[in-house]
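As given in TrEMBL:
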- 6-28: transmembrane segment (TRANSMEM)
- 40-66: transmembrane segment (TRANSMEM)
- 108-131: transmembrane segment (TRANSMEM)
- 143-163: transmembrane segment (TRANSMEM)
- 195-215: transmembrane segment (TRANSMEM)
- 236-257: transmembrane segment (TRANSMEM)
- 277-298: transmembrane segment (TRANSMEM)
């Protein structure tokens, strides 16, 4: 069954998402005082998405193995079997499948961060000189926390359907607690359209930024004394553009595939997972790769992180188990190796490595005979 295989893959994808986002958080921890802090914000949002994916996968595996039992009853008066699938109330899914509120919040948080990043690039082009003074007021942790609360407020409308149908016993969903079934088809349609076209709107704002940038480059005085380096501006623009482009692409392509699928196919029942799986792999898991290709600061931080202990590896201390060090070679006056150490003259003067000049030795013998 395709859905069973999907739930086995989701924990692996969740762990991969968390590993990639933690890597970005470690590498970019030194770049939280400029516009690169947006990469840090995206990583935090993606980390919570990874946690939600992990919960979704494990919950699906547990329900599929232990909870999703099928009762098959044979009615002898009918020529077919009656099959009853285990169902659950949408309201109960909110307490069992915690990934649903997490997905609601992170979906809106991602769109708000895209809009804020695109707005930041637009302000940087409109006010390039004074941008360095004003950006700390709207690009900081306070704004990020505010966006988190706004995302939580927007996600409340997604909880309206399960709360309203709490006491309605006729409203039941599958025990796997699929996202589109829990929030309701009507709300899910609006939600997926927002996720689908939100990145496209941000791309339109970025094209406006490109036009303004090209206009400013036509005159020297319009592109003079910018508060941000040109290379940094281009790198940040490329980062947000690729994020918007891949976010839109990862949603549109699965939707086209699902639209051409026949009604009643198993792919229709897991359409939300297909869309999210595409987004998780293309955008979040591959994010460190295109950060490494675009952001020079990310490259330098990765290099310093993984090469911290690769330089100056010579050990300064000695262990009792170390073999004895080789003694320096000694040479006699003729330049030949002398294994017995320094050469000493017969008169007792050190003439070897001590550096004393070697004189011409004379030997005199005396014989006395009565």
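Including glycine, each Cβ sits where the backbone N, Cα and C put it.
Between the transmembrane segment (108-131) and the transmembrane segment (195-215), three or more CB pairs separated by 6 or more residues in sequence fall under 8 Å, so the two stretches touch. Taking every listed stretch (40-66, 143-163, 195-215) in turn, the largest tally of C-beta pairs under 8 A with the transmembrane segment (277-298) is reached by 40-66. Within the chain, the transmembrane segment (40-66) has long-range Cβ neighbours (under 8 A, six or more residues past its boundaries) at 3-4, 6-18, 20-22, 24-25, 28-29, 31-32, 96-99, 102-103, 105-106, 109-110, 113, 144, 175-177, 243, 276, 280, 284, 287.
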